[in-house]
Amino acid sequence: LRVVKFRRTGESSRSDEDVVSGEHEIQIEGVRTELEPVELEDGAAVPKEFANPTDDTFMVEDAVEAIGFGKFQWKLSVVTGLAWANAMEMMILSILAPQLHCEWRLPSWQVALLTSVVFVGMMSSSTLWGNISDQYGRKTGLKISVLWTLYYGILSGFAPVYGWILVLRGLVGFGIGGVPQSVTLYAEFLPMKARAKCILLIEVFWAIGTVFEVLLAVLVMPTLGWRWLLILSALPLLLFAVLCFWLPESARYDVLSGNQEKAIATLKRIATENGAPMPLGKLIISRQEDRGKMRDLFTPHFRWTTLLLWFIWFSNAFSYYGLVLLTTEFFQAGDVCSISSRRQEVKAKCSLTCEYLTEEDYTDLLWTTLSEFPGVLVTLWIIDRIGRKKTMALSFLVFSFCSLLLFLCVGRNVLTVLLFIARAFISGGFQAAYVYTPEVYPTATRALGLGTCSGMARVGALITPFIAQV
């Protein structure tokens, strides 16, 4: 009786050409016989008799790495980028404040409160949206927050008096607090090698949103006014709400929720769109009941990481939004040397003294806003070369240096250049933080970790208007 001998070393005896052609052979004491290839259904496990023991199972991370970056991720970049373009709702603060200051004759503290109330809403909701995303899904939390922001953003354009717009903009801020969850959803579909660069690329949509807001203000403000500006600024979120029907839920979240079938279906969809094969074997299910708990952020392993990240996000937001709000005041003053004397004159007269933004102000505001693009490019170039932490440190150092130079008596042109460089690097620091934070936390607490960091950023932004505008 002849005996069939199989190799069990875990190494393949086939050449690369055999693998490509799908040919399989066995050796029967000198007789070479070809076997017919057996086709398995997508996602089906390889029979244990023939599978390498290391290939019997795989996790979602393994599947994402095996499928790689392709057509699906490009589509996802655009869809989640539209949610990230809600920077329009933030950039509008520096345009709306001077307009209402003059039109409604608001004192300086009410102008500052109009900006701060947005950050109060963001601060109060960031952790909530993180919990919702961890408990009910990334897509669910993101979709609800975007629809919330869209609804109250449009209603803001119909506010009859100051009290109403104060409440409505606060509710807009409440919704904006959940938009950073788009980074969580996006990151969980990216292979590790492409994650940093892709998250930075999605930050381009933030820059696009800020630039588009300034251009929209130039076109709308002189003719239609600030109400139409508020309504039209919600359009990117409307487009995102429509495209949400295409957006899948995170496969990693589905696995943690014990929903194996849905996770496999999502992975098959990605593999099909990318034209890549699914890993062979069985998807490992790791059900975890307790997800998104605040105490998980303060375990011995993550305690100092959480505290340091909170400080970084606080300082980053304080600096970034302070620069955005101060830019219009700098340009209205004309040069740095006249700002202090101008403040004294205003206090001596009345806190209701105001000036509308001129065409020149909008032009210079556009130039400084465009700085976010080189900020993305610089961060993109250095973040994998020197690392996440060193990128943040370098960005904050250059920003601080340029900010100190603003204390010197410089003309409008030099002022514009300094603001351009400072904003480029502080936005780059923000982008590096958005890359580092989702990577440092595990899947179970990733959304909550990002949400709490975002909440601390809103605390810093909340303080900013009373320093920059009062």
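Each Cβ is built from the backbone N, Cα and C atoms, and glycine gets one as well.
Keep in mind that TrEMBL annotations are predicted by a computer and have not been checked by a curator.
For 75-470, the entry in TrEMBL reads domain 'Major facilitator superfamily (MFS) profile'. Annotation comment: TrEMBL describes 76-97, 109-132, 144-165, 171-187, 199-220, 226-247, 301-321, 365-384, 391-408 as transmembrane segment.
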Averaging the per-residue pLDDT over the domain 'Major facilitator superfamily (MFS) profile' (75-470), what integer do you get?
82
Below 8 angstroms Cβ to Cβ, which residues of this chain, lying six or more residues outside the transmembrane segment (391-408), approach it?
312, 315-316, 319, 323, 336, 379, 382-383, 415, 418-419, 421-422, 425-426, 428-429, 432-433, 436
List, by number or range, the same-chain residues at least 6 past the transmembrane segment (226-247) whose CB is under 8 A from its CB atoms?
75-76, 79-80, 82-83, 85-86, 88-89, 92, 95-96, 99-100, 103, 139, 143, 146-147, 149-150, 153-154, 156-158, 185, 209, 213, 216-217, 220
